[in-house]
Amino acid sequence: IVELQFEKEKVSLKLEEEIQENKDLIKENNATRHLCNLLKETSARSAEKTNKYEYEREETRQVYVDLNNNIEKMILAFEELRVQAENARLDMHFKLKEDHEKIQHLQEEYKKEVNDKENQVSLLLIQRTEKENKMKDLTFLLEESRDKVNQLEDKTKLQDENVKELNKKKDHLTSELEDTKMSLQRSMNTQKALEEDLQIATKTIYQLTEEKEAQMEEFNKAKTDHSFMVTELKATTCTLEELLRTEQQRLVKNEDQLKILTMELQKKSNELDEMTKFKNNNEVKLEELKKILAEDQKLLDEKKQVEKLAEELQGKEQELTLLLQTREKEVHDLEEQLLVTKISDQNYSKQVEELKTKLEEEKLKNAELTASCGKLSLENNKLTQETNDMALELKKYQEDITNSKKQEERMLKQIENLEEKETHLRDELESVRKEFIQQGNEVKCKLDKSEENARSIECEVLKKEKQMKILENKCNNLRKQAENKSKYIEELHQENKALKKKSSAESKQLNAYEIKVNKLQLELESAKQKFQEMTDNYQKEIEVKKISEEKLLGEVEKAKAMVDEAVKLQKEIDLRCQHKIAEMVALMEKHKHQYDKIVEERDSELGLCKNREQEQLSVKTALETELSNIRNELVSLKKQLEIEREEKEKLKLEKENTAILKDKKDKKIQTSLLESAETTCQKFDSKTTPSQNISRISSSMESGKTKDNRDCLRTSAKILSTAFVKEYTVKTPTKMQMYQRENKYIPTGRSNKKRKTVFEFDVNSDSSETTDLLSMVSEEEISNRLYNNNSPNSHLTPKQTPLSLSTPESFVSLGGVRKMREDRWATIAKTDRKRRLKEAEKLFA
């Protein structure tokens, strides 16, 4: 009984030990269950995160759609503003055309009036000839009433003296005619020089147009190159999107397979005997993980290489930006050449305006001289011969004036042709600018799309990296679990050895257990084979995925580099577009105010023109009355001269008759000579004294008449010149006067430069500075200054002061303005580049 009790106690101890072992096993099972629950929770969290990611992706898509709608609205608004600006510009253009047509209509009316007045002058000349014939008849009647011989002798003496003086005057007038011919030759030479300058200007304009056409072809080639680049970028983005989709599908499949594997591992972890064999599998996995780490290092090296490639791409971007800057500079050069052509055309128009002002000044002088002719018209009794000569000269002058008119018309036609060419060039530039703007908008839209695609790709890549990190953490946890299980298995082996020593008595029971264990081993081997097959398949799939991931990473890095380049270009373009939009808005607002001012000023100018026309009409009427008076006086003078000629002829005949009678009467009157001598001496003394006084008075009067007659002749020439609107009046001044005029007109270059009515603003302006805005000098101020400088009182003096017009202070050289703009753009570009480089460094860090 005692022995049995001892045996029972031993058995009870063994049972207690086995119960403790069973409790430890139960604890291990609970721990594995806890790990499985943790894995379930992590999988649920990952599912929630995926749902959130999808929800956020939908939100981003909606935001992208809203942004696209806003951008389209902005584009439509900008196009509406542009259309409004073009409409305003066209309205102003039509108004200017209407004003130009009105001015041309007025010029045609003036020409018609001038032709009518010429016809009237021809009729008056015919009437004058008729009156001259009548005066001849009257002179024959007056010859019969003149019988006194002594008075006729005195008159013949005086007429001889007058003839001498007239010969002197003729000589003087011939010298003046030579001087005028020299001045005409000089004017012709100047006109030829102007024609040559115009030809040179036309040649330069043709050359510029050819160069611009070549440059436009280059721009079109550059456009085609850019379009090819854009298509390539689109193709690359499409391929990247397809690859990302395939990768997403593969990741989803891998996640499903991982879930299945986790369920199988949970089932197999309940069995303790499998842990021994699972140890080997864990070692294999460790080796595979080492290989994965080596591959990750390779990937890091490839990332470094990709960064180098990104740097090279940045260098290429800089080269492209430099090319764009050179193209922009070429565009600026073309604009400068256009401005030079505009300035040359303006100079030619200014020269024409100066000639018109000179004609107006000469008209004013003619008006003053006509006033002086009214006083001197009574003293023109003995100048009929000179008037005939001067009539011939006037015809010559009129022919010269007509020739000069024709030359002026040719010059005006050439100027109009140049203006038409300028308008064509401006239209071409505007069309080119519109094309650039459209291309910029298309590039913006494409870049926005590429940015959004790149952002989505980056987000997906980041999520994949996070998933990879999670998988790495899981692998590390599994490694730790495998190590713990291997330690636990070693401890179990030691305990089993102790139990084998103790279980010699229970070998029968163990045999039964061994049979069960053999069955379990067979099942384990079959499970191992299945597991190995699954692991081999998974390893192959993992290797394929690694290769595809490497390729995708390379492509993603390339896409990142391309996206960075596109983002940089887009930011630069956005900044420039924003600056240009702001400047265009400011310029449009300012130009609106200035257009209103211009319209008001043009209305005031039209009022002034109407007042001037009324004044000119009043002056024309006064001149016509004066012409009629002067012609009447000339007719009376011609009649008197014819009477005097007939008297001279009669006196000559009477002298011959008296000489014959004296020869016959000499013999008869020798005795009465002594008595008659005393009486004749007394009479002769009484007659000579008044004749001497008369000769002195006549000499003094004629010396004044010569000067006045010169003025009268000049006025007659100028009166005929005023009948035409665009004619040059030719004077016959002395040599001293010619020298004085040459000295006076030396500084005409400065006056021409200063004499400006400015109406300029930059079409291709990019900035809203004060120098690029309208700078104006109203024509009212210029007309008032011209009138003050050329007042009618000032023309009485021989000196003429040159016109001096003050230039406005707002004018600045165009070269300085462009340099300021280029410096500002350079500083803005430098700051933008620095900021972008800093942002890129932060992203890479």
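FYI, residue positions are counted from 1 along the chain as it appears here.
Here the Cβ of each residue, glycine as well, is placed from N, Cα and C on the backbone.
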(Q) Among the residue ranges 4-47, 620-663, 796-839, I'd like the one that Swiss-Prot describes as coiled coil. (A) 620-663
Q | Per Swiss-Prot, the range holding region 'Disordered', considering 395-417, 786-808 | A | 786-808
Q: Can you dig out which of the ranges 421-424, 705-708, 741-744, 753-756 Swiss-Prot describes as motif 'Nuclear localization signal'?
A: 753-756
Q: Tell me which range among 469-472, 553-556, 565-568 Swiss-Prot lists as motif 'Nuclear localization signal'.
A: 553-556
**Q.** Three-state composition of the motif 'Nuclear localization signal' (553-556), taking helix and strand from DSSP
**A.** 4 helix, 0 strand, 0 coil
